[in-house]
Amino acid sequence: MEKMVLRKVVLLAILLSLSCLWVAKALEGESKVSGQVRDETPHTWYCKYDDNCRENCPGCTITKCNYGVCICSNCYHQQSDLGVESHM
């Protein structure tokens, strides 16, 4: 009986340690994503159609040619693109 309880405790400890490792790995992934800077200011270029805006706004999730002007927003840039030094 004691061996069965001991096995269950060991199994529970292993599962708990694996879940902690999984959480730590997930948090590490979030820290890599936070290395990107989100640009909230819209950028504008002249355009004739939406494809021009996609070419001029790399990394932007919203691109639209509106009355001949590209509207680019929700843009993500690597910190190195913005002139910020990275010490990784």
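Don't overthink the numbers, they just go from 1 along the chain as shown.
The backbone N, Cα and C atoms fix where each Cβ goes, and this holds for glycine too.
As given in Swiss-Prot:
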SIGNAL    1-26  signal peptide
DISULFID  C47-C65  disulfide bond
DISULFID  C53-C70  disulfide bond
DISULFID  C57-C72  disulfide bond
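Where Swiss-Prot records a feature, it is marked here on the structure.
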| residue | record | DSSP (3 states) |
| --- | --- | --- |
| C47 | disulfide bond | coil |
| C53 | disulfide bond | helix |
| C65 | disulfide bond | strand |
| C70 | disulfide bond | strand |
Outside the signal peptide (1-26), six or more residues from its ends: residues with CB under 8 Å to it: none
C47 (disulfide bond) as reference: those disulfide-bonded residues from C53, C57, C72 with C-alpha within 10 Å of it: C53
Integer Å distance between the CA atoms belonging to C57 (disulfide bond) and C70 (disulfide bond): 9
Inter-residue C-alpha distance, C57 (disulfide bond) and C65 (disulfide bond) (nearest angstrom): 11
Cβ neighbour count within 10 Å of C70 (disulfide bond): 23
For the disulfide-bonded residues C57, C65, the one whose C-beta sees the most other C-beta atoms within 10 angstroms: C57
C53 (disulfide bond) to C65 (disulfide bond) - Cα separation in whole Å: 6
Rounded Cα separation (Å) that holds between C65 (disulfide bond) and C72 (disulfide bond): 9
